[in-house]
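Notes for the one structure printed next.
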């Protein structure tokens, strides 16, 4: 049985713990700097187990020592972007938070696999890797599974079909410069361009790129957490079960797509060792151009942090 630690007991972190607990993967630790928050949510989740029928031990804590010997650590800590806050402000604030988190992971869970969910995702995942000193394959970010899920949901709505029959593909940076790939997106094996006209696909791609912002606008306060937590658990299961799933992942590049030394959303094989292989797809020229712009944005972010 595995030991899993989730750093951050906000909506994303707590919902992730709930989904994981229902799968009974082993012991789960949820930690947060706010006293009482992880303890209260852990107690609530333990009581839910008596109703939903799971026996997972969930522990809430403010002490990083409790993550000792974790097999998997999921980082959901940090702040969300607030009105008037620039992306650079968000990056600097969250890099400090995740720097502290990562130092504690290195101290107490030096053999763990680390999944980062904190934004700006690709830059912060780089911060986590550099600060822990872990191998690049053992630290990666969750973004593409969420983005692909949003794309698939919009396609299903447009076609009035089951989401179960859609395999959507999104790569690139997590944010405005993500790259949904219609040519690699299928509905029961049928390429999307054979089912929808170009202008409709373009509209769905644009909605996917703005998918997180759409939810923020509707909520007025806070951001998405149901779909993000579902995506996190999908990625976590690939590691815990060593299933070798091929999923969109923010992985460290070593020459793929002409990029090196940054984290970037690509297709990757995930297993017990983390990122076990990065797969490179043939893209259209305009998609390569968006990838280049996205990579430059990530590189500028890393440079500004002076890492």
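Every residue, even glycine, has its Cβ placed from backbone N, Cα and C.
Worth saying up front: this structure is predicted, and the values here are computed from it rather than measured.
Binding of NAD(+) is attributed by Swiss-Prot to 8, 9, 10, 11, 12, 13, 32, 117, 118, 119, and the same site annotation extends, among 52, 94, 104, 111, to 94.
Residue 10 (NAD(+) binding site) sits 14 Å from residue 81 (substrate binding site), taking the Cα positions as reference. Cβ packing within 10 Å was compared across the binding-site residues 12, 117, and the lowest neighbour count falls to 12. The local packing around residue 8 (NAD(+) binding site), expressed as other Cβ atoms within 10 Å of its Cβ over all shown chains, amounts to 26.
Taking Cβ-Cβ distances under 8 Å and a sequence gap of 6 or more within the same chain, the neighbours of residue 81 (substrate binding site) are 87, 90, 119. Fewest other C-beta atoms within 10 Å: among the recorded positions 87, 150, 174, that description fits 87.
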